[in-house]
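Student: Provided herewith is a single structure, encoded as structure tokens, for subsequent inquiry.
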Amino acid sequence: MAKSSSLNVRVVEGRALPAKDVSGSSDPYCLVKVDDEVVARTATVWRSLGPFWGEEYTVHLPLDFHQLAFYVLDEDTVGHDDIIGKISLSREAITADPRGIDSWINLSRVDPDAEVQGEICLSVQMLEDGQGRCLRCHVLQARDLAPRDISGTSDPFARVFWGSQSLETSTIKKTRFPHWDEVLELREMPGAPSPLRVELWDWDMVGKNDFLGMVEFSPKTLQQKPPKGWFRLLPFPRAEEDSGGNLGALRVKVRLIEDRVLPSQCYQPLMELLMESVQGPAEEDTASPLALLEELTLGDCRQDLATKLVKLFLGRGLAGRFLDYLTRREVARTMDPNTLFRSNSLASKSMEQFMKLVGMPYLHEVLKPVISRVFEEKKYMELDPCKMDLGRTRRISFKGALSEEQMRETSLGLLTGYLGPIVDAIVGSVGRCPPAMRLAFKQLHRRVEERFPQAEHQDVKYLAISGFLFLRFFAPAILTPKLFDLRDQHADPQTSRSLLLLAKAVQSIGNLGQQLGQGKELWMAPLHPFLLQCVSRVRDFLDRLVDVDGDEAGVPARALFPPSAIVREGYLLKRKEEPAGLATRFAFKKRYVWLSGETLSFSKSPEWQMCHSIPVSHIRAVERVDEGAFQLPHVMQVVTQDGTGALHTTYLQCKNVNELNQWLSALRKASAPNPNKLAACHPGAFRSARWTCCLQAERSAAGCSRTHSAVTLGDWSDPLDPDAEAQTVYRQLLLGRDQLRLKLLEDSNMDTTLEADTGACPEVLARQRAATARLLEVLADLDRAHEEFQQQERGKAALGPLGP
């Protein structure tokens, strides 16, 4: 039985932060760390003591993580950033409420002695001889210690305490991965049994030594099960210092989702029930398991369920049938065509998530060039007279302020200058739209046309498609490019306003111009002639989009997009593993990098032919590199294995921590199915005849730090996992099991007289009872399977580890 763990984290906003700049303000941003590893960084909000971020992350994690921390810092253009405060949430605190955490939490002061990380490897023995008892502590090594020196390393030594006695190991200079391999022996002194405490310290020539962490073992543990193995370092026990709100507060939302995923055969009955649902008629179907699942799902859970169901049916090659089933149900119960797909129904959410899962490479290809132009050119555009800054031109030139009419004309020209290429890219993208999306739109077009064939409703079939493609896909991506991975950072206020105007225009085009002049925003009127010109082109585009032959048989199952599709691309600095004769700063060369499901490729620019590529199947590890390795930040390594079994390392430097995390995540996901992954690697580099991390002199020395292949950011490129998706559906059904039982009881007690009075069909009621009973039976079987596997786990845990 596999286990999965993921954190949904939303950094909402801060309030009452202290001023760190001479201007009386701060430039705050937030770092999100899991077990001392940075997994995300928010955008910087300039000149604010009450910043709003609204950034959301899904982090897939190993099951043994311990702590989630938020650090709020003030960005400085010169020197180091100032730390404002932090919030620490233990795993236990997060899981205390199944709904997670959603609250304001006061920031606390960052205590250097509490900022510990890493592990120590020990072997302890209790010996007895003629002179009494003796404790032998074999201090082997430590890994991933906190950097305490300006060089990004430490000078660690261990100090062992037992009773009133203490001994120290030697000090190993300039490493976070020390190897001592020293045995310390302490004689038991008269008195009560004493605990064993091992402390790690960073030796400093000037000033006091810095604390690196400690472990402690009770006398009972020493006697019954002497410690042997790796142990997580902890800070000194102390009460959490409450700042009383003096450092401000942070509003966060955190939810931990942990699941035990059973073997595939356990979910087969549930899968068969769901697959059967999409095979039959849907217009009046209230009896299928899928219809019951939709009925049981509340609005706040609908999006997550829609995502899992779409992935589930994609994995079986039946996503089109699933969407068609929901579409038929939605269309059949819609009386007014103006309200079609306007609610957040399961059908609407499923189509929306389907587009995000299947169409993100397509979206990037269509919109990214123009979105990049908007960010880079930073043109001022405004049509609303109430928001126009007429004095802006006076501040940046000597020509004086523009009149309102001049500002409107200038802004209109700029807007149409961006909208034109956007519309051109969209209407010219028929051949690039994924076949699965085109087939889904074709089905949608046909179902709506069959339901509303009247002449006065001839636009409804177009509006149904454009409502998804334009209003729920293109327009939101233009409005918030970062959420669709089109940009690494949120837009500044001026660019954000420009994007809002463009998104409004694209929405109006998606509505086929039907609402132009009817809303409150009459200041958009100067743009209406251009928008109306685009409407006829969009109609023609939609006709060509749904003019596609074939069915789902031609769409590969268990894949969101072809293996050759580009998952991530951009400029990085690249360095080969081989020693370079040049200085380090010249060894990294600027390269354009593409990542697909098949290869990691490099060239000098996007227009050049690829000059080098690495098969993704050869990747064995993707990890961060310590800053001290090359005296450079944001470096990662890609470790590959050739046909002879030899390992090779490619180093890549990113612009910032967010770009680093995104590339790490993308590479780890792409290489997730690879066999023979490395359990450990070197976070340093082999330079000057030794590893910079652990100081070992052999290039072939075993890695000194654990790899983190399970730590990834959740996004549209997540691989399909049908068993995990089925587990989520099972969990959702569990929440509604009482309702299912009540429904079965009501249907069983309903007599034929009541059936006649209510107009209910006996055959429909019989199918409802059968479907409800089958669902409850499947849930009971899955309950038993989970209990059996948990009993097996408890049995294995009781036996204890078989080795060190």
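First residue shown is number 1, and so on along the chain.
The backbone N, Cα and C atoms fix where each Cβ goes, glycine too.
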Student: Going by Swiss-Prot, Asp202, Asp204, Asp210 bind Ca(2+) 4; tell me which of Asp149, Asp181, Asp259 is listed for that site too.
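Tutor: Swiss-Prot lists Asp202, Asp204, Asp210 binding Ca(2+) 4, and from Asp149, Asp181, Asp259 it also lists Asp149.
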Student: Have a look at 637-673, 674-710, 711-747 and point to the one annotated zinc finger in Swiss-Prot.
Tutor: 674-710
Student: In the structure shown, which of the binding-site residues Asp21, Asp27, Asp149, Asp155, Asp210 has the fewest Cβ neighbours within 10 Å?
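Tutor: So among Asp21, Asp27, Asp149, Asp155, Asp210, the binding-site residues given, the one with the fewest Cβ atoms within 10 Å is Asp21.
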Student: In the same chain, which residues outside the set Asp149, Asp202, Asp204, Asp210 have their CB within 8 A of the centroid of the CB atoms that define the Ca(2+) 4 site?
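Tutor: Filtered neighbour residues, in order: Arg148, Ser154, Asp155, Trp201, Trp203, Asn209.
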Student: At a threshold of under 8 Å on Cβ distances, which of 1-105, 116-231, 565-672 pairs most often with the domain 'Ras-GAP' (317-545)?
Tutor: 565-672
Student: Can you tell me whether DSSP puts Asp155 (Ca(2+) 3 binding site) in helix, strand or coil?
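Tutor: Note: Asp155 (Ca(2+) 3 binding site) is coil by DSSP, not helix or strand.
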Student: Other than His682, Cys693, Cys694, Cys704 themselves, what residues in this chain have Cβ atoms within 8 Å of the centroid of the Zn(2+) site's Cβ atoms?
Tutor: Thr175, Phe177, Pro683, Gly684, Trp691, Thr692, Leu695, Gln696, Ala701, Gly703, Ser705
Student: Given a 10 Å Cβ-Cβ cut-off, pick out the one of the binding-site residues Asp76, Asp82 that has the most other Cβ atoms nearby.
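Tutor: Counting Cβ neighbours within 10 Å, the top one is Asp82.
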Student: By a simple count, how many Cβ atoms lie within 10 Å of the Cβ of Asp74 (Ca(2+) 1 binding site), its own Cβ left out?
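Tutor: So the Cβ neighbour count for Asp74 (Ca(2+) 1 binding site) comes to 19.
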Student: Have a look at the binding-site residues (Asp202, Asp204) and report the one with the fewest Cβ neighbours inside 10 Å.
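Tutor: Sparsest of the binding-site residues Asp202, Asp204 by Cβ contacts within 10 Å: Asp204.
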Student: Fill in the CA-CA distance, Asp21 (Ca(2+) 1 binding site) to Cys704 (Zn(2+) binding site), as an integer in Å.
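Tutor: That comes out at 41 Å between the alpha carbons.
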Student: Please work out the mean pLDDT for the residues of the zinc finger (674-710).
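Tutor: Value for the zinc finger (674-710), mean pLDDT as a whole number: 91.
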